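J.: Take a look at this one; I'll ask things after.
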Amino acid sequence: MASAAAPASSEEAVKAAKVLMVGAGGIGCELLKTLALSGFSDIHVIDLDTIEVSNLNRQFLFRKSHVGQSKAHVARDAILKFRPNINIESHHANVKDAQFNVDFFKQFNVVLNGLDNLDARRHVNRLCLAAEVPLVESGTTGFLGQVTVHVKGKTECYECQPKPIPKSYPVCTITSTPSKFVHCIVWAKELLFAKLFGDKNQDNDLNVHSKDGSSSKSDVFERDVDEDLDQYAQRIYDHVFGYNIEVALENEETWKNRRRPNPVYIRDTLPEAVKQNGSSRDCSNDHEEPSAMASLGLTNPQEIWTLAENSRVLLEAFKLFFEKREKEIGNLVFDKDDQLAVEFVTAAANIRAHSFGIPLHSLFEAKGVAGNIVHAVATTNAIIAGLIVIEAIKVLRDDYKNYRMTYCLEHPTKKLLLMPVEPFEPNTSCYVCSETPLLLDVNTKVTKLKEVIDKIIKSKLGMNLPLVMIGSTLVFEDGDGLEEDEAANYALNLEKVLAELPAPVINGTKLTVEDFQQELSCSINIKHREEFDEEKEPDGMVLSGWSAPVEKQINSNGENKSAASSSSAHATDDTVEDPSKPGMKRKLDELLETKENCDASSSAQVVEDDDDCTMLDGNPALIKKKRLQ
Amino acid sequence: MMDLSKYVADLICFFRRLGIRAFRAMGGGGGGGAEEELTAQETALYDRQIRVWGVDAQKRLSKAHVLVCGVNGTTIEFCKNIVLAGVGSLSLMDDHMVTEDDLNSNFLIPHDESVYGGKSRAEVCCESLKDFNPMVRVAVAKGNPSLIDGTFIDMFDIIVVSCASLKTKLFINDNCRKRSKHIAFYSVECKDSCGEIFVDLQDHSYLQKKPGGEPEQQELKYPSLQEAISVPWKDLSKRTTKLYYAMRVLESYESSEGRDPGETSLSDLPAVLARRKDMCDRMSVDESKIPTSLLERLLAAGKKEHPPVCAILGGILGQEVIKSISCKGDPIKNFFYFDDADGKGAMEDIPPTS
């Protein structure tokens, strides 16, 4: 292992290395180029994505003619064009696929991540730990970026620091008391759009507020048999922006300390629309993708529409869905690349925002919020790719005393735009790379096993194919190849509350959860609790027992009284800290969590604006560096 | 200079066409005022970066004209970045024929002599760069950077110089400063695992982002290259990076020996150490300010560029040029250094703003 022998020369180490690159997007394109130039000659690339137009401003290996093709394959071909003598193997696949198991990972000397989502990052981290392959991890957003090194037993793993879970909002903020534009977007996308065009069998909180006393219909969102499309559109408009607000206003308690919303009716916003009921419109652009903006002659996506314009766009988009895309209705899921869906959601969110006195936004801005679009530029990706290669070479030379995590900053800190920091030691309470049990507060009398698996084991612990054991009793297993009776039995268990499982889960029970693919196993101690705060603990359960190591360090080391004094002592040292912003690392981690092209399919998550990030910044005074020895 | 005058004529013609396009947009564009709107194509392509720097910056970028003198791994990284970002035009000036040495750090030159043979660095790279973004005009500017004149310089907003002698850099910087038009000057050098960027924006005013508040107008006054490299060393902060001094020693040695930039090797070490002693004595500072080991590294580097460092320097430089064109964000004043050995990317303000 860490021999006393002098590290190999960079050239030799690079030539002999076999590397795995996960992600061939913004960072990946730059990385593949820099690896090839630096003399790496055996590279595997995995990416499941295909190329889109909005990639072309930075993913320079791709051209317009490649749109729709595999990123991994096109990137490989582009590099081979100028360096034909190296070996690049490309996999157009998900890194979570079973073929990329621990044995697959073991063939590499180092793994380099250029990923865009937390889920895949955690998965790769676990495989690298299991296969004992060093990992160089990276991320960028706008002008910010970071590169970190994770070597089992030497530095912290990617998950030693708890990662912020993408923000979700309390249901009542979305359904009744929005205070930010993002709340209106979530409402328009997750509730209204889903209700009208999505799967009718999905639970939808819009139901709760759609009791229409005057009608005998079971669901106001259903179209009446004798109703023409205009009438239908206007009725829905009045219902969600007018009637529902009036109903909400009746609850005086809600508005005691809040600004009261204004109901919006079509007769006020578009008096002429009501009169020209059923008028025919110009439907000349049949050859193109249907667009409400286009049919209304609105051209500038940067412009903020008036309330009347938003209303027109909403009605028009609504009708276009029924006229041009009727077959898709019932199966539609919001997609940021679906122009008509973006128009509908923008308009609906703006009308709701108007109602609640929230500033309106342009389609361009609304699209960014609704699609979780992360800011991205070529320069940051290029810099980060350069830093990844520098760290990869150190890893290959086993030069662990010089490992650094590097932050790329927008504003210089202590004159630095690129700030290297010594890596942290492994967190001894990390449930991923140590074997520390976790603690779960949960009401065992009402919570179903299914909820624990979805909200905790899959979502928080990031397991892909989990197995759950209580003592020696197996209560759940995921994956293919199950016997029919086993599968039926597990399905039954999923719907049972914890206390009624074959092996009852009560206060003090220890759960063992495992994921064979990730070779990860951990224990969860159960603590029964009956009351949960709906606002602060919306899951109805709380996972804890996995804390950052920094507090312990401060206590155990009297010298590190304050960040400022210790960093000035290290002023001539190799690494630097930022005395003015001691929470820098944590804050950057959080900022960077929604990295390049964050996975847009995950629901109700939004890009944080700067204000939110500051709020997230937990305990900034506690960040200290810990030397590697 | 025949080639150059033809190039000028060509470029002027291009600018006229641009002018016509702008004129049409002003007359015909409804609702948008005098400002030309971005096209739907531009909005779709630049979506992710407009979310970083805004529509106004994107419009300014599309009207900016950049000249790069000296094509190497570092400047090609820069070129890639600004072509992707969508500058108005990029002109490459480097008449040197491509040799095998150019392949090491330049990803635009294929390993195939039948492609690059008999062509200049600028010619080979120009073709590939055009592909990166069809909306940007990329052209070869034939000529010698040490002879370019004012009328030519006036066609550009940004000039980046690399692998040129100190004399040439001073000449171009001086020329930029003499023009009535505002022309930003940058020089960049990569010596294996170390790099230096110099910035001269003359008088630069820009919007500074204030956390939580409205952006504020800021004014900066830059020294010329000549001023920035002739500061008495004893006036500089003790924490000034050692690379600043080492680069000046090397520069001075190359100039007096009449060497091309980077045409040095370890065999020059004794003479360079003598130069260090000479300069340190003259500046009344201790020789230990400039470690021998650092000079050794720089000499051994010669013209070699380390590709990851090219990516870092080209990225930082790209970002700086975007900041300067858009007049948004704190620009580097006035040096930037990167050293792979400690991993720091640091700014230096020389002479220090009092």
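Cβ atoms are placed via backbone N, Cα and C, with glycine included.
Curation plays no part in TrEMBL annotations; they are all automatic predictions.
Quick paste of what TrEMBL says about this protein:
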| type | residues | note |
| --- | --- | --- |
| ACT_SITE | A:CYS172 | active site, glycyl thioester intermediate |
| BINDING | A:CYS157, A:CYS160, A:CYS430, A:CYS433 | Zn(2+) binding site |
| DOMAIN | A:441-532 | domain 'Ubiquitin/SUMO-activating enzyme ubiquitin-like' |
| REGION | A:553-629 | region 'Disordered' |
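Could you place the listed features in the three-dimensional structure?
T.: According to DSSP, A:CYS172 (active site, glycyl thioester intermediate) sits within a helical segment.
Taking all protein chains in view, 23 other C-beta atoms sit within 10 angstroms of the C-beta of A:CYS157 (Zn(2+) binding site).
Counted with DSSP, the domain 'Ubiquitin/SUMO-activating enzyme ubiquitin-like' (A:441-532) comes out as 24 helix, 29 strand, 39 coil.
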J.: For A:CYS157 (Zn(2+) binding site) and A:CYS172 (active site, glycyl thioester intermediate), what Cα-Cα distance in Å is obtained after rounding to a whole number?
T.: 37
J.: Return one of helix, strand or coil for A:CYS160 (Zn(2+) binding site), based on DSSP.
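T.: A:CYS160 (Zn(2+) binding site) sits in coil per DSSP, no helix or strand.
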J.: For the recorded Zn(2+) site formed by A:CYS157, A:CYS160, A:CYS430, A:CYS433, name the remaining residues of the chain with Cβ within 8 Å of the site's Cβ center, in chain order.
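T.: Counting only non-site residues, the set is A:LEU129, A:GLU156, A:TYR158, A:GLU159, A:PRO426, A:ASN427, A:VAL432, A:SER434.
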J.: Long-range neighbours only, meaning 6 or more apart in sequence with Cβ under 8 Å: which ones does A:CYS433 (Zn(2+) binding site) have?
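T.: Those within reach of A:CYS433 (Zn(2+) binding site), by Cβ under 8 Å and sequence separation of 6 or more, are A:LEU129, A:LYS152, A:GLU156, A:CYS157, A:GLU159, A:CYS160, A:PRO426, A:ASN427.
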J.: Find, for the listed recorded positions A:CYS160, A:CYS172, A:CYS430, the residue with the lowest Cβ contact count at a 10 Å cut-off, counting only other Cβ atoms.
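T.: A:CYS172, out of the recorded positions A:CYS160, A:CYS172, A:CYS430, has the fewest neighbouring Cβ atoms within 10 Å.
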J.: Quick one: pull the CA-CA distance for A:CYS430 (Zn(2+) binding site) versus A:CYS172 (active site, glycyl thioester intermediate), whole Å only.
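T.: About 34 Å separates the two Cα atoms.
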J.: What does DSSP call A:CYS430 (Zn(2+) binding site) in the simple three-state scheme?
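T.: Once the DSSP labels are grouped into three classes, A:CYS430 (Zn(2+) binding site) ends up as coil.
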